[in-house]
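Q: Reproduced below are the annotations present in Swiss-Prot:
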type: BINDING; residues: Cys61, Cys66, Cys72, Ser300; note: [4Fe-4S] cluster 1 binding site
type: BINDING; residues: Cys87, Cys91, Cys94; note: [4Fe-4S] cluster 2 binding site
type: COMPBIAS; residues: 16-26; note: compositional bias 'Basic and acidic residues'
type: DOMAIN; residues: 73-289; note: domain 'Radical SAM core'
type: REGION; residues: 1-26; note: region 'Disordered'
Amino acid sequence: MVTILDTLKPGAAKPRHPEKAHRPDTPVLRKPEWIRVKAPGSAVYAETKQIVRENKLVTVCEEAGCPNIGECWTKKHATMMIMGDTCTRACSFCNVKTGLPAPLDVDEPENVANAVAKLGLRHVVITSVDRDDLADGGAAHFVEVIEAIRRRSPGTTIEILTPDFLRKDGALEKVVAARPDVFNHNLETVPRLYLNIRPGARYFHSLRLLQRVKEIDPTIFTKSGIMVGLGETREEVLQVMDDMRSAQIDFLTIGQYLQPTRKHAAIDRFVTPDEFKSYETIARSKGFLLVSASPLTRSSYHADEDFARLRDARSSALSRG
């Protein structure tokens, strides 16, 4: 019999990503000037953090190490991550922990609704970890959160950023029936890179999920995003745009991939601001209602302002016939 001893000292912090410990370290590139942001520290930032803590909430801003946390929290914009801080997937780009998640918190819907009210949000973004361990992938919990927010803050518009509900029959339909204002699901990268970057997901399943939202309820805005700088080609990015438009996706976001640790996927290159502008111009010409493309663009970055622009863009398109 062989006994394997735990070499961690009692009370020592365990590594955040033990599932990636076997991977060789990848090089970390120095960030260019256009990527760097100011460290957070304002009084409003501290107030936002306190409200999040008081309601025992998890935010993707913190868990994913978002570079925009200082700017967003200073505006009292925080993206709530429901169903815990532990994901059942192990995507090579993501900083969220992987493992066996805890049971769902039955108080979470009301806690989220309370935080939304205290922050005075006009528009809120709700995302989640993947919960492959749940029969419906967490769809019913999403619905409970949406309904709790609507009861407490009926004037607040709701944007959800969901997992793919892979092999969860009826889950998508359940969430769409709750009628969020925006349904976001990120494709994340080009199909060629899925096996390395997003191994637990399927590109065309994700694309079909977004198309299905429009089939069920055409009034719901659909949104999706990709990261660049992972080794994709320009032609592949343009093909993803075409795929998204064929699925009637309204809003496209494109941002620079930033490597959380040396155990995560390496940055292939930093895409320049001019290249992002070019992507935005091309995407607009393909018919998206709204496009956000910049090095620091993230799914929920400026979501409040973007939702207003999205509604205006739809109204303008309808008036043109």
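Even glycines carry a Cβ here, placed using N, Cα and C.
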Q: Which residues of the chain, 6 or more past the ends of the compositional bias 'Basic and acidic residues' (16-26), have a CB below 8 A from one of its CBs?
A: 90, 92, 95, 97-99, 259, 261-266
Q: Round to a whole number and give the Cα-to-Cα distance in Å for the pair Cys66 ([4Fe-4S] cluster 1 binding site) and Cys94 ([4Fe-4S] cluster 2 binding site).
A: 11
Q: Would you list, in sequence order, the residues of this chain other than Cys87, Cys91, Cys94 that have their CB within 8 A of the centroid of the site's CB atoms, where the site is the one recorded for [4Fe-4S] cluster 2?
A: Arg89, Ala90, Phe93, Asn95, Val96, Thr98, Val129, Asp130
Q: How many other Cβ atoms sit within 10 Å of the Cβ of Cys72 ([4Fe-4S] cluster 1 binding site)?
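A: Cys72 ([4Fe-4S] cluster 1 binding site): 24 neighbouring Cβ atoms within 10 Å.
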Q: Spatially, and counting Cα to Cα, which of the binding-site residues is closest to Cys94 ([4Fe-4S] cluster 2 binding site)? Options: Cys61, Cys72, Ser300.
A: Cys61
Q: In terms of Cα spacing, which of the binding-site residues Cys61, Cys72, Ser300 are within 10 angstroms of Cys87 ([4Fe-4S] cluster 2 binding site)?
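A: None, since no candidate lies within 10 Å.
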Q: Output, ordered by sequence, the same-chain residues six or more apart from Cys91 ([4Fe-4S] cluster 2 binding site) with a CB under 8 Å from its CB, or 'none'.
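A: The list for Cys91 ([4Fe-4S] cluster 2 binding site) reads Glu188, Ile197, Arg198, Pro199, Gly200, Ala201, given in order along the sequence.
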Q: Mind tallying the compositional bias 'Basic and acidic residues' (16-26) by DSSP state, helix then strand then coil?
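A: DSSP composition of the compositional bias 'Basic and acidic residues' (16-26): 3 helix, 0 strand, 8 coil.
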Q: Is it possible to get the count of other C-beta atoms within 10 angstroms of the C-beta of Cys66 ([4Fe-4S] cluster 1 binding site)?
A: 23
